Amino acid sequence: MKISIFGLGYVGAVSLACLSRDGHDVVGVDIEPAKLDLIKNGKTPVVEEGMVELMAQVAASGHVSVTTDAVQAVLSTEISLVCVGTPSAANGSQDQGAVLRLAEQIGEALKQKSEPHVVVFRSTLVPGTVEDVLRPIIERASGKRDGVDFHLCFQPEFLREGSSIRDYDKPPFTIVGANHEYAAERLQALFGHLPCKFLKTSVRAAEMMKYCCNNFHALKITFANETARLCGALGVDAFEVMDLVCQDTQLNISKAYLKPGFAFGGSCLPKDLRATTYLAKTHDLELPMLSGILASNRQHLDLALDKLLALGKRKIGFIGLSFKTGTDDLRESPLVTLAEQLIGKGMQLSIYDPEVHLASLLGANRSFVQKHLPHIGEMLKGDLAEVVQGSEVLVMGLSGAEIAAQVAGLARADQDLLDLVNLPNKADFKARVQGLCW
Ligand SMILES: NC(=O)c1ccc[n+]([C@@H]2O[C@H](COP(=O)([O-])OP(=O)(O)OC[C@H]3O[C@@H](n4cnc5c(N)ncnc54)[C@H](O)[C@@H]3O)[C@@H](O)[C@H]2O)c1
């Protein structure tokens, strides 16, 4: 393929070297003539393992050329990879100056081009940038249409500095955000041979998932480091502890707990977080990430409260009360807290939870609910239909296909439903279903 690469930093230079090594004709474009001179002379503009040898090899192959002329680069190729920098501005926002200027130039080039052209944004871009910002610029400058005359897509880059050639050849996956088949097909032809999954998604989801990956990496590092600070203060071997944590691939290093839903609660997570942060305090340690978790969890609960209050209705039916589906444990259940808050605002509640039977609640579980919902006996109903029929608003806090089907069969068109569990059958509801944040 004939490929132009814009921005010859870590991402662009490594892509140029690897794509030309794989037999493609690559035109490299940068605004820094010094970088272009290096590449022209078979030298690498970035310090990366294997790049010295690879750049010398590909420059000699005749598959690489360089230019500062963006328009010419587009005209002489069929696909453009945009890898320019998107650094932080002083206020923390993304500085998109380079990519905006480039979009203008790509548009001008496309104006002169009659063959189809694919533009792949590989720079990390805040969600919405390609569709809301870059596409209008390119369409205006070219007088042409995305998906008709040219094809925009977003393909996040996952290479890590220091191992970028190895990462190029063995990425975790290839993700292509494309609204049209043509762009995805061209990228499959280019990267489909790599030993990983090739996943197609929307442009916005691809933009967002890149941030999600980097944020998750930062979160993991900070988790290990905060744990190590506490371990250090307690005289525990942090490496041994984190090693043991990583041995659990069922709950720790796994998909578990990585699904959006309602706030967490129960008899373990909140109390153990509180004990951890208290312990840190007694050793004069700051653990801002761990200390922030309960505050974030509370924000999630408050979001549900705000959404319910915004509906302006008084009769609210809870489907589910315990801290998770399938248990009668009410201790620190976020649904109990939500119910408590709503009662405090003068709402009338009725509650159905097939696992919660007042007569059989014992010990700490019983005293927790008696303290927070002293009138639970009047609110708790044994019959789902009674709760649904008597409510203007339903709060769905139980997951599972069976209960979802039962509620869908009973809910009326004049009712609102706040979905805290990502109902699998939203389309089956006559009621107005509103997800918590989905
Ligand atoms: N570095 C990484 O490990 C990595 C990994 C994944 C994704 N990313 C993302 O990829 C993008 C590029 O990162 P990088 O580290 O390679 O950046 P970089 O700063 O090393 O390189 C960017 C290059 O773009 C050039 N440039 C700027 N404006 C230009 C223009 N108008 N036309 C042509 N070239 C222009 C610069 O001169 C520079 O050489 C960023 O959005 C970054 O967030 C980086």
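The backbone N, Cα and C atoms fix where each Cβ goes, and this holds for glycine too.
Automated prediction, rather than curation, is the source of TrEMBL annotations.
For reference, TrEMBL has these:
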BINDING   Asp30, Lys35, Thr86, Thr124, Glu161, Lys271, Arg331  NAD(+) binding site
BINDING   Phe158, Leu159, Arg160, Glu161, Lys210, Tyr257, Leu258, Lys259, Pro260, Gly261, Gly265, Lys324  substrate binding site
ACT_SITE  Cys268  active site, nucleophile
DOMAIN    317-426  domain 'UDP-glucose/GDP-mannose dehydrogenase C-terminal'
Exercise. For Pro260 (substrate binding site), what is the tally of other C-beta atoms lying within 10 angstroms of its C-beta?
Worked result: 10
Seminar exercise, completed: Candidates Thr86, Glu161, Pro260, Gly265, Cys268, Lys271 (recorded positions) with CB under 6 Å from ligand 1, in sequence order, are Thr86, Glu161
Problem set entry | Largest tally of Cβ atoms lying within 10 Å of a Cβ, found at which of the binding-site residues Asp30, Glu161 | Asp30
Problem set entry | Per-residue pLDDT averaged over the domain 'UDP-glucose/GDP-mannose dehydrogenase C-terminal' (317-426), given as an integer | 96
Exercise. Around Thr124 (NAD(+) binding site), how many other C-beta atoms are within 10 angstroms of its C-beta?
Worked result: 18
Problem set entry | Cα distance (Å, whole number) from Asp30 (NAD(+) binding site) to Lys210 (substrate binding site) | 24
Exercise. Rounded to a whole number, how many Å is the Cα of Glu161 (NAD(+) binding site) away from the Cα of the residue listed as 'active site, nucleophile'?
Worked result: 39
